[in-house]
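Peer 1: One structure, pasted below without further comment.
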Amino acid sequence: MSVCPLTPSSSTRAAPPTDNPTSIPIQMHFSTPDYVIFALLLVASTCIGLFYALSGGRQRTTQEFLLADRSMSCLPVSLSLLATFQSAVAILGVPSEIYTYGTQYWFLGVSYFLGLLVPAHVFIPVFYRLRLTSAYEYLELRFNKTVRIMGTVTFIFQMVIYMGVVLYAPALALNAVTGFDLWGAVLAMGLVCTLYTTLGGLKAVIWTDVFQTIVMFAGQLAVIIVGAHQAGGMGEVWRKAINGSRIASLDLNPDPTERHTFWTLGAGGVFLMLALYGVNQAQVQRYLSSRTEREAVMSCYVVFPCQQVVLCLGCLMGLVMFARYGEDSPLDKGYMVLYFVMDVFRDLPGLPGLFVACLFSGALSTISSAFNSLATVTMEDLIKPYCPAMTEAKATLLSKGLAFAYGLVCLAMAYTASHMGSVLQAALSIFGMVGGPLLGLFCLGMFFPWANSTGAIVGLVAGLVMAFWIGIGHFVSRMAVPTTLPPIINGTAMPLPSNMTTAVMTTAESDQVHVCLSRPTGVQALYNLSYLWYSAHNSTTVVIVGLIVSLLTGPMKEKDLTPGTVYPVLGNLLFFLPECYREILYCVTPMPQKVGCRPPRWRIPPMNQ
């Protein structure tokens, strides 16, 4: 393997001269107004949880605690969906990505269209009409209890691994830049999040997400406005970005090993979005909390423009950073955004605290969603089926206990993350490896009526094996690089979480070293697959293996299918056929409206629209 001449990394560049107006000291400090604003964020989040714990039904039923009594309207649900998507890692990572590689990452926004349209018109109607609480209940209705438990355990493993990293990473960045006490920040966030999630249930989680989303927007906007003004205006920022080759053109290279192209971002990104917005319990739970199916669908539509705004804010911040520091910034890429914020706001007390509140709002929204969804699947999938005589009061109390317990687990995982070192990226990779196979499992059941439970089990196992094989293979091949080099992140293959907020962790963890390699072939090409294709590859593996095994072991018969669990793809695509023929294509799923033909075998109860 031949290696290109290395570009200076942050560890080898000399510190900037002290007379440089843009030079930044190694560490900066918070002022009193900054601490006050940060504390207000935590206090406000706690108060929202207490309000919902002491008002309304006071979280006395599992429906209220886990599903907000199915009473939420479109706007708070959509902002909560957005907040869960927008974690602290994205706030730190996207600007660093744009600063380092340019605006190619912006084309990820293309994937948002199908990534939200399909959940709105496929997954939401199926889940909502079945009146589910846990997304994995669907797997038992469609296959059997074993498949449901396998899906649930896989999801729990995925989220527990991720929680500690999301909590620890922003606290570590804040500590490195400002000297803010590391474990003080971790404990404050973890305990506050645990408190309002346990007391206020999903309703508190959703409304704190709304508040935290507003804080996130305010923090990012403040940085962009002040930073652009100091750089000479947005016109000057754009001119420097063009001169520095940071405005990317449309790259139509179809090579799947290329890190970011239009196809990897626009097409591969669709599968990552589906894994998040289609079948992830944290998001499905928000759909199911909506008052009506129409409100749930509308929440998906409202999220679309909001996501585009968030993506644009991250890109603009990256361009403003480039305009300020140019190509040869001495800053460590992992902490660059926080250094930039402290530098821009050095003479504006309180605004650094606003951005840190923005950063931790992203962490709080992601973690609280994880607590609530983990408590839900544990209660609904692993406890209730085996304790049918449990009273509603006891079930609610146990659900609160589970949310509290997962809060403590999150703190334990944060402590573990602090000792993981380079394994931190492996933990993030493990999270991403699981999203694709779970998406494939739901697609197998929803789109292929003849898939049976044996095919589902073997397909899921095959998808997970494939995911870990490629992920570990990439990790090992990367570790084989001579240790005299700085840590290499081959951005073409970093298998990051299906939650797209962590897709930029490559720049938030370490510097990239440019490696000149001949075009990989065979297994090595698989190890160099762009991380954006991981969900597509692994979900396709589940579907193909599942279908083959189902055909070999005896396809499932129509009479054995639970009505409403199969989405009639052909029946909807061939809408021009007569009703009688389309009904056959609908399998056991009833058609929306019947005019003539034989009566339906089963009809989904009408929903309030």
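In case you wondered, yes, glycine gets a Cβ from its N, Cα and C as well.
The following feature annotations were taken from TrEMBL:
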REGION    1-20  region 'Disordered'
TRANSMEM  35-54  transmembrane segment
TRANSMEM  74-94  transmembrane segment
TRANSMEM  106-128  transmembrane segment
TRANSMEM  149-170  transmembrane segment
TRANSMEM  182-202  transmembrane segment
TRANSMEM  214-232  transmembrane segment
TRANSMEM  260-279  transmembrane segment
TRANSMEM  354-377  transmembrane segment
TRANSMEM  397-417  transmembrane segment
TRANSMEM  423-448  transmembrane segment
TRANSMEM  455-476  transmembrane segment
TRANSMEM  531-552  transmembrane segment
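Give me the lay of the land around each of these features.
Peer 2: Remote same-chain residues near the transmembrane segment (74-94) are listed as 105, 166, 169-170, 173, 205-207, 209-210, 212-213, 216, 220, 276-277, 282-283, 286-287, 289-290, 295-296, 298-300, 302-303, 306-307, 310-311, 314-315, 317-318, 334, 337-338, 358-363, 365-366, 369, 499-508 (criterion: CB distance under 8 Å, separation of at least six residues from the stretch ends).
For the transmembrane segment (149-170), the list of distant contacts is 87-89, 92, 134, 136, 139, 185-186, 189-190, 281-282, 359-360, 362-363, 366-367, 370-371, 373-374, 377-378, 381-382, 406, 409-418, 424, 427-428, 430-431, 434-435, 437-438, 441, 457, 460, 464, 497, 499, 508: same-chain residues at least six beyond its ends, Cβ to Cβ under 8 Å.
Below 8 angstroms of C-beta separation, residues 30, 34, 37-38, 40-41, 45, 66, 80, 83-84, 86-92, 133-136, 152, 155-156, 159-160, 162-163, 166-167, 170, 173-174, 180, 185, 189-190, 192-194, 196-198, 201-202, 205, 208-209, 211-213, 215-216, 218-220, 222-223, 280-282, 285, 338, 341, 345, 399-400, 402-403, 406-407, 410, 499, 501 of the same chain, each at least six residues beyond the ends of the transmembrane segment (354-377), sit close to that stretch.
Listed as Cβ neighbours of the transmembrane segment (397-417) (distance under 8 Å, sequence separation of 6 or more from its ends, same chain) are residues 59, 62, 65-66, 160-161, 163-165, 167-169, 171, 186-187, 190-191, 193-194, 197-199, 201, 367, 370-372, 374-376, 378-379, 383, 390, 424, 427.
Remote same-chain residues near the transmembrane segment (531-552) are listed as 256, 260, 264-265, 267-272, 274-275, 432-433, 435-437, 439-441, 443-444, 448, 450-452, 454-456, 458-460, 462-464, 466-467, 470-471, 491-496, 498, 503 (criterion: CB distance under 8 Å, separation of at least six residues from the stretch ends).
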Peer 1: Given pairs 6 or more apart, does the transmembrane segment (260-279) have at least three Cβ pairs under 8 Å with the transmembrane segment (35-54)?
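Peer 2: Contact criterion not met.
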Peer 1: Who are the long-range neighbours of the transmembrane segment (214-232) in its own chain, taking Cβ under 8 Å and residues 6 or more past its ends?
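Peer 2: Sequence-distant neighbours of the transmembrane segment (214-232): 41, 83, 86, 91, 240, 309-310, 313-314, 316-317, 320-321, 323-324, 340-341, 344-345, 348, 351, 354-359, 361-362.
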